[in-house]
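*Asks:* From TrEMBL, here are the annotated features:
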TRANSMEM  6-24  transmembrane segment
TRANSMEM  36-56  transmembrane segment
TRANSMEM  68-88  transmembrane segment
BINDING   78, 81  Na(+) binding site
TRANSMEM  100-124  transmembrane segment
């Protein structure tokens, strides 16, 4: 796939949209969750994995231009999900003397996100 100036702009704009969505949802969830675990970040990463799995499943085998997968996957969902924040949340919990919460955050997010991506893909391919 050729990276044209227009595609570059589309991916950048989509990434900005994803980042704004992440900020809004994380702020909303964090204000209501009590702070025991980073529920906002976990919700964002799992829902983003579900969405990418679903969107990829929709495009699989359609012969459709992969530009949209790049724009939505790399752009919107790349800006929306946040592996670095999830990693730092895990370290923060560990440094706060909460090893079980740290492990739950790390492995819970990873396993749930992988399952969500798989479920999203399966759901889309069943349409």
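Placement of Cβ uses the backbone N, Cα and C atoms for every residue, glycine included.
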*Asks:* For a quick check of packing: other C-beta atoms within 10 Å of the C-beta of residue 78 (Na(+) binding site), how many?
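*Replies:* Within a 10 Å radius of the Cβ of residue 78 (Na(+) binding site) lie 18 other Cβ atoms.
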*Asks:* Report, as numbers and ranges, every residue of the chain located at least six residues beyond the transmembrane segment (100-124) whose Cβ falls under 8 Å of a Cβ in that stretch; write 'none' if there are none.
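*Replies:* Beyond its ends, the transmembrane segment (100-124) has Cβ neighbours at 36-38, 41-42, 45-58, 60, 86, 89-91, 93-94.
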*Asks:* Cβ-Cβ under 8 Å from residue 81 (Na(+) binding site), same chain, 6 or more residues apart: which ones?
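*Replies:* Expected: 18, 22, 44, 45, 48, 49.
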